[in-house]
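TrEMBL lists A:17-236 with the feature domain 'MacB-like periplasmic core'. According to TrEMBL, the feature transmembrane segment maps to A:265-289, A:310-338, A:371-393. Look at TrEMBL and you will find A:267-398 tagged as domain 'ABC3 transporter permease C-terminal'.
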Ligand SMILES: Nc1ncnc2c1ncn2[C@@H]1O[C@H](COP(=O)(O)OP(=O)(O)O)[C@@H](O)[C@H]1O
Ligand SMILES: [Mg+2]
């Protein structure tokens, strides 16, 4: 009988019940969509930035990041590389030797960033080959450089010309060398495009008199969400002489930007919840006041407040559950669609993104946690609002309630 | 001597005790025996509803107490009082008597279900009552599909179903046309006779008053006339 009463009460004003469910569903849908999109944009941004050069995690000699000099490089130990590669969460292990040197052609001299790297591994991590606009990609056993476009222009150099490099090698040894230019790279970051020179690792180590030494090992990983635990794990396995840093530590500006954007998202969704919450509260209040006489009558004839409250709570929970489930059911195909057919920025914004070498597309992120948390938030909010009629009944006096 | 059902001693109800006290009920004594069919009349604001609410345990008196079948209900608290109401008192109100989402049959059996009576007993009783109120053909109709008079008849049947000690009806005919009102009174009288059910109802409809066997007249919170005693208890000042 009570079940019958609850069920029929739900449908006594079916349009209102459906509208209420729909608004709950909409809240869930909107929240999930928003967060999926936001998370998608961020992950895409991170992927772009990180894959551009740094990798998600870097390993250095302890102290290198604070003082980036060759004397803080470390001896390339095969077991170290193997140990890093052994971890299942690590996809790429790219050893590099990086330092500032001078690059010159005839009487033009420019400061540049020299990167000695494993050519194949580097390509796997940062897709360096794709950035080639002239010439060909280099091989590990070659003595040839890839030159960034901006630097090539300043030095008035072309493919097959010769680049002169000189500077200070490991332990203050003088370093000087001549290298043929095998290719010109277009690097999207203007800063990198004006200053980067890539040399195969072996050649670079020879040039800097730093045989078998690295400054950095850059890592590609499987799951960007589990960065911190991985960092800890790697730190422990390779020992105290090394520092393990995440991309957030390497690029705090970008990390902060994402954090700030995430914060404004929370404010925005808070406002969304508030609006929907108030709408819902209005409906619930109206329904309650409308049924005041009926509640008064039920209490007068001998129904206990606890019984009545149980009925009202069941009604709320049913509406809330249906609404939330409906919202989840609607969100999934939409999120999926936007993942398969990502939003594409157009116009100036797109251009500025593309300038940085990022495609201006924003796939949504399908993430069970987003579905669960957003749905749970809406569910809890709805049920909290649904406590209003219980509170109303609690303070009710049947005699007063039935008075006109 | 007839069996006493209701005994109200020195009942008063005072509103706005702190500012200007209003005596909604002023030292009322009332005695009702089983099987009585009593009308309470009086102008609006004379205290009819207040008196019925006190007797029905819906409101607490400021002074005095009410005994029902020997139980002092004024001393009952919380769920005890609710259970007492559920098991001993039938209520018919002026309006909003029925649960809108339940059918006539379900409304009538509602109290018996709250009392957790066996299903066969309930079913049998409901059918019997539907017949007595002449609504066998409306068994599955919802309240909004019934006329006002039919709704009030269902309300009377619901109050009567669990065979309470007595039925309180506060202006049950106030929203009815005169034909429906008389019809409702006919049914109440019939049930009063067939089941020896005690009815106490308030009204200011003279034709309804004419059907009552005992008429209590109220004014300013006092009983000024009671045909059972055929004497004027309190002369208006
Ligand atoms: N909750 C209340 N607060 C203040 N005064 C009330 C309240 N309920 C009833 N009264 C007063 O008590 C008196 C009796 O009211 P009531 O019993 O409803 O009369 P009747 O039912 O005969 O019309 C009236 O003067 C009314 O204004
Ligand atoms: Mg009244």
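Cβ from N, Cα, C; glycine included.
What TrEMBL says about a protein is an automatic prediction, not a curated fact.
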Distal contacts, the transmembrane segment (A:265-289) - CB-CB under 8 A, six or more residues away: 13, 16, 19-20, 23-24, 26-27, 30-31, 34-35, 38, 316, 377-378, 381-382, 385-386, 388-389, 392
Helix, strand and coil totals (DSSP H, G, I; E, B; other) for the domain 'ABC3 transporter permease C-terminal' (A:267-398): 106 helix, 4 strand, 22 coil
Overall pLDDT of the domain 'MacB-like periplasmic core' (A:17-236), taken as the mean: 90
